[in-house]
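A.B. asks: Below is one structure. I have some questions about it.
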Amino acid sequence: MANIKQDTMPVIRDLRDFDPRSGNLLERMIFNYRPLFMLFMVLATLVLGYVAVTRLELRPSFEKMIPQSQPYIQNYLDNRKSLRGLGNSVRVVVENTQGDIFDPEYLDVLKKINDELFLAQGVDRAWMKSLWSPGVRWTEVTEEGFQGGAVMPDDYQGKPADIEQLRQNINRAGIVGSLVASDFKSSMLVVPLLDHDLATGRGIDYRQFSQMLEQQLRDTYEYGGDSKARASGKEGEGKYKVRVIGFAKLMGDLIDGLIQVMMFFALAVVTSLVIIFLYTRCVRSTLLVVFCSLAAVVWQLGIVGWLGYAIDPYSILVPFLIFAIGVSHAAQKMNGIMQDIGRGTHKLVAARYTFRRLFVAGVTALLADAVGFAVLMLIDIPVIKDLAITASIGVAVLIFTSLLLIPVSLSYVGVGRKASERALRIDQRAAEHRGFGKLWDALDRFTTRKWATGAVLVATLLGLGGFWVSLQLKIGDLDSGAPELRADSRYNRDNAYITSHYALSSDLFAVMIKTPPEGCLSYKTLILADRLAWQLQQYPGVQTTVSLVNAVRQITAGSFEGNPKMSSLQRNQDMLNYAAQQASVNAPELFNTDCSMMPVIAYLKDHKAQTLDDVVAIADRFARENSSPDRQFLLAAGSAGIEAATNIVVREANRTMLLFVYLAVTLFCLITFRSWRATLVALLPLVLTSVLCEALMVAMGIGVKVATLPVIALGVGIGVDYALYLLSVQLHYQRQGRTLGEAYQNAVAFTGRVVGLVGITLAAGVVAWAWSPIKFQADMGILLTFMFLWNMLGALLLIPALSHFLLPDKRFVAAAPAHCEAAPPPRDSAPVPRAQARVQA
């Protein structure tokens with residue numbers, strides 16, 4: 001190998017021998033005015049830290065979770081004022097473990113819970129339902145006509161006669177299985193929520209609402225005031241149990257879980273400290289790297305808060321990634337400075353040398369990272385767009401903290417002499433084919449035909465097998481309950497109880513029938529609504545359907561002394577009008593005030609992806625065949641309808657997102673490498689990783705949904721860094737006339753350790769998520785760890801193998817200078833642009 005000669009970067013021990021006017025304009029501005037720059041960075045960190053603490057909020061939003069421009073969601077949003085009770089709601093079940101609901105003491109407890117929920121902020125009180133709600137009524141036909149009233153007797157005093165009257169009213173109202181459990185041991189309160197708090201005008205604070213449920217209801221009635229027992233996650237052992245499900249409670253539990261997530265962030269910081277210290281064996285530089293990476297997180301959160309954005313359970317994971325990426329880039333700069341100091345260069349000069357060599361490469365790598373984040377903006381779901389903006393801000397911040405602050409700070413504190421000398425010894429041992437040199441020799445074998453062919457064949461088999469498995473990848477939830485939480489979480493245990501004890505689930509799918517005013521009472525409209533309900537009922541995943549048709553039939557039959565022959569839809573419009581008038585008293589949620597909107601509600605057994613797809617197919621086909629200018633069948637409302645629409649957007653965005661991220665990375669690589677062959681060498685390992693990641697999702701039972709959709713794009717955007725490091729140096733040597741084997745061996749000698757360091761550091765930053773109480777974070781942690789490590793291995797093994805076939809030596813013979821021998825770039829941790837390489841004649 002040629003001797004290393006650095007004409008433009010000689011070893012300078014005395015600052016008087018260094019020209020401070022050298023370097024580009026940015027370098028001179030930063031390093032010649034170091035005190036001002038450091039003052040600016042310190043003040044900016046303090047100010048943004050203050051903004052992050054005072055203005056940043058954890059504020060999840062129901063509307064941000066749904067794709068608001070999707071046609072089904074637009075239909076719901078346009079008509080939601082006429083569909084009260086079919087949007088965001090929670091269901092509270094109060095269980096009597098030592099008796100049934102006809103216990104006077106139980107009914108008193110239920111009344112107190114009903115009153116507390118009724119007065120809670122954000123509750124849509126007019127549509128709340130429970131045994132104590134006056135709107136929950138019974139109706140029966142007697143010899144004198146219709147009789148009815150509230151299910152809870154008006155003069156209820158807890159006497160045996162009152163209890164017996166309540167029992168009769170419940171049976172008359174037909175609410176067993178909906179508001180009353182089939183075993184009569186519990187009853188349900190349905191609590192619809194407003195989109196915005198009427199008192200403040202702001203969105204519902206789900207954390208505060210969830211804490212109210214826990215502290216005022218569970219603590220008081222289930223745990224007897226013992227908050228520590230509740231915090232343990234075990235169910236109370238008293239007489240009553242309070243079970244809660246719904247979006248607001250789910251978001252509250254996720255936010256509570258984020259408190260524990262902070263422990264994982266601290267663990268990631270400690271892990272990074274250990275990895276970098278083992279790599280450098282220098283305490284002060286290790287602490288500096290971690291501090292600057294934490295500063296990046298502070299900047300990111302401060303800017304996000306300053307711009308008015310809020311943090312939600314999904315975007316809270318972005319600071320983890322920004323910290324890990326910041327650590328990896330900062331470690332590269334530290335490594336370059338450490339090696340220059342080891343050669344005897346003054347710490348300030350070493351910092352400027354490293355800045356010259358690595359700034360462009362660092363910005364290039366960060367732009368590649370930004371591609372993976374920015375493409376998420378194409379997904380029409382506000383929470384993912386917010387995540388993309390938050391992450392993009394974080395990547396932009398890293399340019400200041402990792403690429404500028406680190407070298408300037410190290411120009412003050414330097415690197416320990418022993419650490420720098422140790423780094424040089426490691427390089428010398430590698431050059432002598434000892435230590436890391438043995439590993440580089442092993443990797444060099446993949447440039448030969450035998451090993452390259454084997455590696456490509458193995459990769460092809462893995463790709464084909466992974467692709468076959470990935471065909472089973474599902475969109476949406478694959479399990480009942482809330483997949484965002486662990487299966488044994490209190491929320492999912494509550495959901496399992498409610499599903500097993502109530503005939504009607506909380507998964508509502510509603511088709512809206514829109515007509516002119518009073519049009520929902522026409523015979524034709526009611527007949528078509530009945531046919532739609534019948535078609536939905538034929539699907540095994542539908543428990544039952546409810547619509548105005550049910551009420552009209554019941555009331556019509558009741559008008560004729562309960563004659564079953566009259567339990568049908570009559571052509572007489574007066575009879576239909578009378579039935580609707582009666583229904584408006586007992587079931588006002590079945591149509592709006594002017595009878596221009598009527599939902600057909602299907603109660604589903606679950607909200608699994610297959611169930612939603614099948615129900616949407618049935619309803620969509622019926623809507624296309626039967627909609628007319630006077631009668632429109634619009635999809636979809638209800639919790640299951642909104643989730644079905646979200647799944648549709650996720651399904652479309654999944655492939656579109658991958659297409660755009662690969663197009664962007666391809667263009668990026670073409671500009672960087674100026675070779676379609678080199679671009680293909682860089683992309684094929686990424687494609688293999690994407691395919692295997694989808695196969696891993698199938699194996700782990702993870703569906704593609706809002707929480708997991710960004711993972712693959714992030715893996716591609718960050719994973720291309722490895723190819724940039726290796727291929728840039730390899731192509732530099734090949735264009736100078738070196739053989740592929742020599743070029744790749746030099747590439748891994750200069751960048752191999754850093755590729756490993758970056759992969760391990762990134763993986764270490766997210767692998768601890770696997771133990772998170774939030775399951776979707778655990779899933780993301782496992783998937784990201786796999787992608788980071790597999791991209792690293794793919795780059796080290798497949799780049800030389802693919803280069804053997806796509807970048808053979810003969811393609812570079814004509815371009816190589818015949819009279820010169822390539823001089824390698826300085827032994828830093830990242831590729832050096834060709835313009836900076838100096839060839840020794």
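Yeah, the Cβs are placed from backbone N, Cα and C, and that goes for glycine too.
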A.B. asks: May I ask you to indicate which of 162-181, 422-441, 622-641, 822-841 is given in TrEMBL as region 'Disordered'?
C.D. replies: 822-841
A.B. asks: The transmembrane segment (36-53) and the transmembrane segment (708-727): do they have three or more Cβ pairs under 8 Å, with pairs 6 or more apart in sequence?
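C.D. replies: Contact between the transmembrane segment (36-53) and the transmembrane segment (708-727): absent, because fewer than 3 Cβ pairs are under 8 Å.
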A.B. asks: Is the count of Cβ pairs under 8 Å between the transmembrane segment (358-379) and the transmembrane segment (656-673), pairs 6 or more apart in sequence, 3 or more?
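C.D. replies: With 3 or more qualifying Cβ pairs, these stretches touch.
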A.B. asks: I'd like to know if the transmembrane segment (680-702) touches the transmembrane segment (451-471) in this structure, counting it as a touch only when three or more C-beta pairs sit under 8 Å and are separated by 6 or more positions.
C.D. replies: yes
A.B. asks: Among 36-53, 656-673, 680-702, 782-802, which stretch has the highest count of C-beta pairs below 8 Å with the transmembrane segment (391-415)?
C.D. replies: 36-53
A.B. asks: Using DSSP, tally how many residues of the domain 'SSD' (290-412) sit in helix, strand and coil.
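C.D. replies: Here the numbers are 108 helix, 1 strand, 14 coil.
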